[in-house]
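Take a look at the structure set out below.
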Amino acid sequence: MAHEEQSFNEFYTEVKEIEKRDSVLTSKQQIDRLLRPGATYFNLNPFEVLQLDCDTPLELIKKKYRSLSILVHPDKNPDNLERAQQAFEIISKAYKTLENETTRKKCLEVYEEAKDRTDMMIAEKKKKLKKEGKHEGVPEDDPSKYKHAIYVMVMKLFADIERRRQQLEVRDMEERKRKREAEIEEEEQRDLQKEWQKNFEESRQSRVNSWHTFQAGSSSSSSSSSVATAEKVKSKKPKKAKYTSFNPPKIKPETR
């Protein structure tokens, strides 16, 4: 955090020194300002990109955008085409943010929050000094240093917003990936079910035919067996009954 604040301070000092030397800046200076190392965080603030105060009316915002866009336009910087294009896109994005009433209002809310936090920070400093029995003021009592403190806080808040946006973007991307993987798995399961059903339907007729063949074979065997039995019964000749001749008993002579 301390390193970030030091970077903010150094960048702020350098930019302000350049602005004092040349209120408009040359094309090269503007491109260098927008693309210098560490400028990514500063470029999150569209007012900073266009070098405007947060209370600048829209008409003046448009005027400043036109002048800066001409300075860094790739057609005006053929010897520095790639960097000029990057700078031009940064300026265009900043203007689109401020041109839109909703997004401009959100940027102004960042400034309001930065002022509130800075005032709270100053109040805490003074409270601590009073508790220690010291009655000297704080550096932020100087208007220029107070303005600088708000500037640093604004940059931090914009950086925090960007970090949260990136985190949400990653989380959203992971969620979409998870949902897509679930959809793919579900699709694969449906395809497998369809394939199983298709194979089942295709083999159904084969199973029915096999059963009919089996049934026909069983019936044929049964019929053949019945016919064979019938023929066997038919082929048997009935047995003739055996009759014995009747011989009357001999009459014996009567004896007296």
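Keep in mind that glycine also has a Cβ here, set from the backbone N, Cα and C atoms.
Unlike curated records, TrEMBL annotations are generated automatically.
Keep in mind the model is a prediction, meaning the values are calculated, not measured.
According to TrEMBL, the protein has these features:
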- 45-115: domain 'J' (DOMAIN)
- 172-182: compositional bias 'Basic and acidic residues' (COMPBIAS)
- 172-256: region 'Disordered' (REGION)
- 190-205: compositional bias 'Basic and acidic residues' (COMPBIAS)
- 206-217: compositional bias 'Polar residues' (COMPBIAS)
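Per-residue pLDDT, averaged across the domain 'J' (45-115), gives 95. For the compositional bias 'Basic and acidic residues' (172-182), no residue of the chain approaches it from at least six positions outside its boundaries, judged by C-beta separation under 8 angstroms.
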